[in-house]
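Chemist: Please read through the structure below; I'll follow up with questions.
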Amino acid sequence: MSAARVGVVTFPGTLDDQDAARAVRHAGGEAVPLWHADTDLKGVDAVFLPGGFSYGDYLRCGAISRFAPLMGELIPAAKAGLPVLGTCNGFQILCEAHLLPGALLRNAGLHYVCRDQRLRIESTDTPWTADYAPGQEVVIPIKHGEGRYVADAETLARLEAEGQVVVRYLGSNPNGSLNDIAGIRNEAGNVVGLMPHPEHAIEELTGGPGTDGLGFFTSILKRLVNA
Amino acid sequence: MNVDTVARAAQTPDEPMPHVELGMKDDEYQRVKEILGRRPTSSELAIYSVMWSEHCSYKSSKVHLRQFGTKAPKSDALLVGMGENAGVVDIGDGWAATFKIESHNHPSYVEPHQGAATGVGGIVRDIMSMGARPVAVMDSLRFGAIDAPDTRRVLPGVVEGISSYGNCLGLPNIGGEVAFDDCYIGNPLVNALCVGLLRKDQIKLATAPGPGNKVVLFGALTGPDGIGGASVLASATFEEESHAKRPSVQVGDPFMEKLLIECCLELFAADVVVGIQDLGAAGVSCATTELAAKGTGGMDVRLDLVPLRDPTLRPEEILMSESQERMMAVVTPEDIPAFMAICEKWDIPATVIGEVTDTGRLVMTWHGETIVDIPPGTAADEGPVYERPYHEPAGQAALNSDDPAALDRPSGPEELRATLLKVLGSPNIASKEWVTGQYDRYVRGNTVLAQPADAGVLRVGEAMPGATETNRGIALATDGNGRYARLDPYAGAQLALSESYRNVAVTGARPLAVTNCLNFGSPEDPEVMWQFAEAVRGLADACKALGVPVTGGNVSFYNQTGTVAINPTPVVGVLGVLDDVRRRVPSGFTGEGHRVILLGETADEFGGSAWAQVAHGHLGGLPPQVRLDAERALAGVLAEASARGLLTGSHDVSDGGLAVALAEACLARGVGCAVTLPGEDPFVDMFSESTARALVTVSAETYDAFAALCATSEVACTTLGTTTGDAMLTIDGLAPIPVEELRETYEATLPAIFG
């Protein structure tokens, strides 16, 4: 059986693509590089939108990337059910592309924050979190300047009611996110956006806080193999 | 636009030129006229004035810096030494590391955000131009007193500049320093270090060989950045409106730099680059003269082909512009299409502006007229050299005799405990999380240790795809102590090296090579020049004794306001290698029931110490004794113990002494300890800053093997106690201190000031 293939997108200014590809490999998958200017998803089984400062974050984080040629293919595929995970800048791009509701604004403290963050996995009902236990507490690095999740009251109420909050900050809220939201999913559950970086917590040697992030990658690979 | 041509210069030999306004001395200007056999054109004057500036020519420091070469220890690891954009060191398994530290002090005072940001950008391009992938940065920062109003302007701006630029480049920031002292109030120090990795056989050099090869300028467009001086040329020689009043600090675009990094790596991989140079200080002037001087010797450049952000720029301004994110490459005509295609892929503007020649002349034209015709080596390598006079400062003897032994010392358990907390919470010792929490330390996924560990450690093997597997790692640390150096610049430089060397050693790495950033006042002041001469002599001697060569660095003079100079501040970076990075020793206490051991010997040494500063605002006497043999023995023990897996944790003992080291070791993971002070005087045991010491932990099973290793190596090994599960720092005779209380003290200081 060949390994499941997870596309890792590189925009100009993407930074965590190498890390994301490594995490896919660690979990037993094949990482397939996808270039922003291409219009070919190369038949991948899932897509990872890594963090960084795509297009220099000019205009607004993710605002230019959502118009990249590759996104023209990815948006309809995601709407049709392709599993997509966006972390950090990837989350911002998913919001700009309206694959996820709400927006990510400048941190309440106005500073970039890099730290090992305690989190709670709120929803295991996605292809990216099925390997976690509901309510499981994990520690995964965050690193961003614009991670304050906001949405209107109605959207927020719906996210909570429908169980679309996937990950929540524990302890002190690092950026002023509403309801301590660190990650959400779309209604169907196949598209997930996160501010934390699970790809930075997959190895004891380099993982800072440990290997708590690996579950996002093992979850998707199990799902793809079993599909 | 009227331009001053070579023909015109020949016809108007007596036309006065504004060399003084450009910072050039009369005799230097005379030398230019002798070299050219006529007066220089305004463009030529632009080139000579920037290339012969202190910053580019090292004219005051050169005679001293030569010792780094003449006294250099033999090292098989050194692949490229001083004189290139950065030194390159062999780290084994076919891999090489290149690293360098550089100052951006003055711009960071004028405009903290952009000054610090472009400091990062500049050093990263130096590393790229060696053919390497930049893999990490670190910063050594010094500011005025923490509560001074201007520190509140400068520090947050500097940190934000480093954070926004470095984070956007995708380079982990893995260490460095932050220090405060009144002496830096008008002259903050912002020293940026970058390290890169490359395959040993892929080193690129700044050279332009092969007549007919093309000269390509690529990266950002050229604009009116940092060219305050050039407006003098335009307005003095011609009746045109000048571009004066432009900002003199450059503005950085980290997004462009990130693209430039990826573009360069793809160009290197495609093997379409013959020579390469980054454009930093002195921009096109520096890149063209240096490339030509190190190559076949000649170059023709059409300056009007330089792509501009501001089309009204004059040739003199183009030559002096310090616009960021630009590189210059020498490419064979056959490879030009491939080169251009890669630049296009990364949306990097690239323009052929000239060609290598064998004429021995750098010739530049502007719309068909010759405006520069010089032997490039005279600008690049044959600048003036000064033997500046120096003598010991008038107050030096009095300063050295102001012995801290006369200061009141704490006595009794209550006072010792209070002193520990006071020193731990003092600005120079307290947690720097407010600063380092704004830097991405994770990106690229190879960070094994980062701040607040003693040194940053990176995994090498996965730095670049497709390269051979290796388990190697590199360790990097910087250190400087202006207080020690003020008391004795010779010893101060050696102490900076000693600590940086030790910081690398406590991770288990073998120290290999050195970079340095020498921050001083004005070289025209003989007392400052004495400090400089002493520091360089001290550093060169110590590098020889420790067997670690200087591979490059930077000198920053004129860090003074009026006649008051900063404390002499040599900052020393050390690079080490771990044969197996999985054997690195973690920082601090890592678990319960480990034996806590002090390595090295403690004497009564308080000159320049943190205690003297915190408790008495005192700076006097002599700094702690330099013990290079002991440092070397200690590093040997640490490397072997780490390779054999004998250590469970380690921490350097330095500022604030053993007391601070114990507290920090507890804070690393919230593990407590119970220890007994070994000496007769608990105050000396706790706060002395004797060198060549480290705190380590070993498990009960490995203790005997470790003690035997120390005995063979003649390193004093004193068991202090054990680590505990109670989260208390218990020093025999003192009331125990909860780690939580240590943490509150340690972490409150910077947020209280900066929010």
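For all residues, glycine too, the Cβ spot is worked out from N, Cα and C.
The feature domain 'Phosphoribosylformylglycinamidine synthase linker' is assigned by TrEMBL to B:21-59. The annotation ATP binding site is assigned in TrEMBL to B:Y58, B:K100, B:N516, B:G553. As annotated by TrEMBL, domain 'PurM-like N-terminal' applies to B:83-197, B:454-577. Summarising the annotation, TrEMBL assigns Mg(2+) 1 binding site to B:E102, B:N554. Under the heading substrate binding site, TrEMBL lists B:S103, B:H104, B:N105, B:H106, B:R125, B:Q250, B:E322, B:S323, B:Q324, B:S556. TrEMBL lists B:H104 with the feature active site, proton acceptor. The annotation Mg(2+) 2 binding site is assigned in TrEMBL to B:D126, B:D278.
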Chemist: Of B:Y58, B:D278, B:E322, B:Q324, which binding-site residues come within 10 Å of B:E102 (Mg(2+) 1 binding site), going by C-alpha to C-alpha distance?
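Modeler: Cα within 10 Å of B:E102 (Mg(2+) 1 binding site): none.
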Chemist: Mind giving me a neighbour count for the residue listed as 'active site, proton acceptor'? Other Cβ atoms within 10 Å of its Cβ, every protein chain shown.
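Modeler: Total other Cβ atoms inside 10 Å, all chains included: 29.
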Chemist: Compare the C-alpha of B:N554 (Mg(2+) 1 binding site) with the C-alpha of each of the recorded positions B:S103, B:H104, B:D126, B:E322, and give the closest one.
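Modeler: So, spelling it out, the nearest of the recorded positions is B:S103.
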Chemist: Going by Cα-Cα distance, pick out whichever of the binding-site residues B:Y58, B:K100, B:N105, B:Q324, B:G553 is nearest to B:D126 (Mg(2+) 2 binding site).
Modeler: B:K100
Chemist: Need one number for the substrate-binding residues B:S103, B:H104, B:N105, B:H106, B:R125, B:Q250, B:E322, B:S323, B:Q324, B:S556: the maximum pairwise CA distance in Å, whole number please.
Modeler: 21
Chemist: Counting by DSSP, what is the helix, strand and coil composition of the domain 'PurM-like N-terminal' (B:83-197)?
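Modeler: Breakdown, helix to coil: 47 helix, 43 strand, 25 coil.
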Chemist: Please give the ATP site's span as the largest CA-CA distance among B:Y58, B:K100, B:N516, B:G553, to the nearest whole angstrom.
Modeler: 17
Chemist: What is the number of other Cβ atoms found within 10 Å of the Cβ of B:Q324 (substrate binding site)?
Modeler: 29
Chemist: Taking only the recorded positions B:S103, B:H104, B:N105, B:E322, B:Q324, which one has a CA atom nearest to the CA atom of B:N516 (ATP binding site)?
Modeler: B:S103
Chemist: Cα of B:Q324 (substrate binding site) to Cα of B:D278 (Mg(2+) 2 binding site): how many Å, rounded?
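Modeler: So the alpha carbons of B:Q324 (substrate binding site) and B:D278 (Mg(2+) 2 binding site) sit roughly 10 Å from each other.
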Chemist: Going by C-alpha distance, which of the recorded positions B:Y58, B:K100, B:H104, B:D278, B:G553 is nearest to B:E322 (substrate binding site)?
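Modeler: Sorting the recorded positions by distance from B:E322 (substrate binding site), the top entry is B:D278.
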Chemist: Can you see whether DSSP assigns B:Q324 (substrate binding site) to helix, strand or coil?
Modeler: coil
Chemist: Tally of helix, strand and coil residues over the domain 'Phosphoribosylformylglycinamidine synthase linker' (B:21-59) according to DSSP?
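Modeler: So the domain 'Phosphoribosylformylglycinamidine synthase linker' (B:21-59) is made up of 25 helix, 0 strand, 14 coil.
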Chemist: Hey, how far is B:S103 (substrate binding site) from B:G553 (ATP binding site), Cα to Cα, in Å?
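Modeler: About 9 Å separates the two Cα atoms.
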Chemist: Between B:K100 (ATP binding site) and B:R125 (substrate binding site), what is the CA-CA distance rounded to a whole number of Å?
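Modeler: Distance (Cα to Cα, whole Å): 11 Å.
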Chemist: Measure from the Cα of B:R125 (substrate binding site) to the Cα of every one of the recorded positions B:Y58, B:H104, B:D278, then give the nearest.
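Modeler: Nearest by Cα distance to B:R125 (substrate binding site): B:D278.
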